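Trainee: Sharing the features that Swiss-Prot gives for it:
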- THR159, GLY180, ASP201, ASN244: S-adenosyl-L-methionine binding site (BINDING)
Amino acid sequence: MNWREIAVTVSSVGEEAVADLFYQLGCPGVSVEDPELLQSYVESGNWDYHDFGEIALTGTSVVKGYICEDHELQPKLRQLDEGLKELLQRFPEWVLQVKGLTVQEEDWATSWKAYFKPVRIGRHFLIKPSWEEVTPLPEDIILELDPGMAFGTGTHATTSLCLETLEETVKPDMRIFDLGTGSGILAIAAAKLGAQVEAIDLDSVAVKVAQENVELNQVADRISVRQGDLGTVLQGQADLVVANIIADVILMLIPDLKRIMKEDGEFLASGIIGHRSSDVEAGLGEHGLEVLEKKEDSGWVLLRARWQRASL
């Protein structure tokens with residue numbers, strides 16, 4: 001099967017909006033290549049410039065989406081074009097360049113490997129690609145991943161914020177719901193901290209990849225991975241609900257927290273671009289939640305919230 005890879009070069013503040021356009025098209029794979037992250041790897045001596053070409057020098061980000069080259073390709077391309085034009089009208093400095101090329105599915109599934117290297121997050125997490133060898137420290141918690149076509153290697157600020165907060169928050173035998181699990185990295189991290197996790201995703205590719213990563217990390221006894229939305233898949237209530245998605249989707253999820261989160265539970269919301277944080281905070285407040293903690297990294301925000309006592 002052939003896929004059309006659309007690469008949109010965009011200022012970092014526009015990452016979320018462009019990624020959302022791809023999600024609206026039903027793209028099964030969306031990636032963000034962050035030049036600041038790649039530059040940090042160069043400066044630390046982990047990589048050399050030739051590992052990834054020009055992107056580290058651009059000072060922008062590249063958002064890539066993949067659209068199947070079938071009878072729906074042209075309508076989807078027109079829809080994407082209209083969406084990008086609308087963004088350009090509202091924020092002329094955001095979208096800088098758009099490129100497209102045809103890729104084979106097997107190429108799409110493996111081309112990103114050049115960008116994925118072992119990385120330490122928080123106090124103890126060591127994220128290791130399945131094809132890389134590392135020498136761990138005794139206290140390391142190894143998260144071994146093969147993300148394939150699913151989003152989530154742990155290197156993006158949104159995911160690293162979640163991992164750091166999980167390390168501070170998770171207690172043994174907690175029940176956790178991971179909404180939009182992607183590669184399964186957050187579910188696996190929580191399971192290795194002792195939690196029982198129910199991970200869901202609407203994308204069948206993500207569910208397949210997440211299940212493979214769960215088995216790779218030998219935590220299948222602590223994680224269930226299912227396809228579907230929280231209204232049809234999740235039963236009961238969790239001690240902790242995690243959503244590393246985008247602001248608009250988080251806002252749609254908030255009304256359901258009353259059903260799926262315990263009275264003394266907490267909600268971790270990440271994937272929020274900085275200028276949308278106030279919208280999410282307002283949405284939480286409108287539904288009886290208070291923000292306990294706000295973390296920021298590279299223009300992205302994580303919010304940790306719980307029920308206000310008066311709302312129970």
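Placement of Cβ uses the backbone N, Cα and C atoms for every residue, glycine included.
Provide an account of the burial state, proximal residues and distances for the features listed.
Mentor: A strand conformation is recorded for ASP201 (S-adenosyl-L-methionine binding site) in the three-state DSSP classification.
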Trainee: Going by DSSP, is GLY180 (S-adenosyl-L-methionine binding site) sitting in a helix, a strand, or coil?
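Mentor: Looking at the DSSP assignment, GLY180 (S-adenosyl-L-methionine binding site) belongs to neither helix nor strand, so coil.
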